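Novice: I'd like to ask some things about the structure below.
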Amino acid sequence: MTQITTVTTAPIEGQKPGTSGLRKQTMVFQQPHYLENFVQSIFTAIGGVEGKTLVLGGDGRYFNDRASQVVMRMAAAQGAARVIVGQGALLSTPAASNLIRKRQTDGGIILSASHNPGGPNGDFGIKFNTPNGGPAPEDVTGRIFEATRTIESYKILEAQDVDLSTLGTHALGGMDVEVVHPVSDYQALMEELFDFDALRALFASGFTMRFDAMHAITGPYARAILEGALGAAPGTVVNGTPSPDFGGGHPDPNPTWAKGLMDLMMGPEAPDFGAASDGDGDRNMIVGRGAYVTPSDSIAVLAANFAHVPAYASGLAGVARSMPTSRASDRVAEALGIACYETPTGWKFFGNLLDAGKATLCGEESAGTGSNHVREKDGLWAVLYWLSILAATRKSVAEVMADHWARFGRNYYSRHDYEAVDSARANALMDGLRAQLATLPGQSFSGLTVAEADEFAYDDPVDGSRSEGQGIRVGFDGGSRVVFRLSGTGTQGATLRVYLEAYAPGPDGLDAAPEEALAEVISAADAIAGITRHTGRDGPDVTT
Ligand code: G6P
Ligand code: ZN
């Protein structure tokens, strides 16, 4: 028996979607009505779900299974025609984006807090992606937030759990629940984009790699594609079984959280290539033997080597990067004679450029790279792209980087994060910067003279919308730069991000240690912003 119940509720404070959906501590989501209110608000914001088809899946973190049953029962109660859900309620974020597009659905709900730790004491998250497969743009998230502030009730079906372990179509009230294999459609897409024969030949030649899935969603994808389809040695994929608390780890692919992989790649036993992906599979880390590749350099290298991937070999329309990402890709775009776009932080800002055919590749310093194949960043896609470059050139990662810098110069880059800073103090730091913007140009700090300073605002060239307050950037003579921004994805206090960049045109100075090349910028950043004074911290919590 199934029965539709209308549950009376009231608005809950703080359900404002951030950079990437609503992300809170798991226990916050487990409060009565918390999840239901937000799901209802998504439905309200998109004009209801009657007759609609939605994709549903998540990264397998704790509460993923419970939350997906709730979403399905609410959709069924409100007349949705079909929910396409990954087996076990699992879908990586790029795989969900692909399904939303491929099946021409009305959008999808992704259950994930991305790279944040999971578990009862970790974080949970939920976001809505629109029919183009991309994260909801600001007008939609604004409507969702409005709905959370006026909600009075929601409808939900009283029913047993749907069996999500069995592939095929199940009935839930009047709605179809189609359980699909999480990997197959995604793998088919990768086979269209890349030359799998060339990649198979690379592995057959003895090429070795380690892929660290960080106990998160990409394990099954990487096993099927790298070890299964491409013939990488068994054991290439490590930490490959998704676990509800990511093995107690922090599934963020950067040198700090993927330390085991970094240590291997910097040591004597390093394979040819190393890579990792995050909780929901959209981020990536690329590291060669003794050679870590910054995400900002990675997008630049992918753009410069477009000819090695069948899907892009006919040319790129343009490259887009988020504002704090280094300007390495701008130099490639200039050399290729293609457009180059600078957007605010957040993958959603690339959606219009991709839909309009203005950009083909996009990248962010936060370990995100992707293309027009879906509307999310895509960790495994980035890995396959890099493998394609290595297969075509038969060079090491270090050699690819050296060639790149010799041709375009090097944008040394690092990000310093100060986490869980008291919000008032973090805001005071940003206010202090704002107050100096007009007077900074011409002043010198630690030997660097400020050329320009502003607060970034973005005018979307496709829909004309304007996004203000997107970070403060200070440029110095000679092309160095520091950017200050408060994170939009943290769940405790404020996270101050300081993005540091120094440009070396070459031929000399291309082999410095990043912390040395950036020493002046780092000290100028503190002199300008008073980081130690405002945060009370001696140094960053995380350096990427
Ligand atoms: C998520 C978004 C990215 C964004 C990143 C950093 O991963 O999908 O597009 O760059 O968060 O956001 P934050 O606001 O924490 O710097
Ligand atoms: Zn992610």
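Quick reminder: no glycine exception, Cβ is built from N, Cα and C everywhere.
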Novice: Can you say which of 1-21, 463-483 is given as region 'Disordered' in TrEMBL?
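Specialist: Residues 1-21 are the ones TrEMBL records as region 'Disordered'.
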Novice: Can you break down the domain 'Alpha-D-phosphohexomutase alpha/beta/alpha' (15-154) into helix, strand and coil residue counts using DSSP?
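Specialist: Once the DSSP states are binned, the domain 'Alpha-D-phosphohexomutase alpha/beta/alpha' (15-154) shows 53 helix, 35 strand, 52 coil.
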Novice: Which whole number is the mean pLDDT over the domain 'Alpha-D-phosphohexomutase alpha/beta/alpha' (296-408)?
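Specialist: Result for the domain 'Alpha-D-phosphohexomutase alpha/beta/alpha' (296-408): average pLDDT 97.
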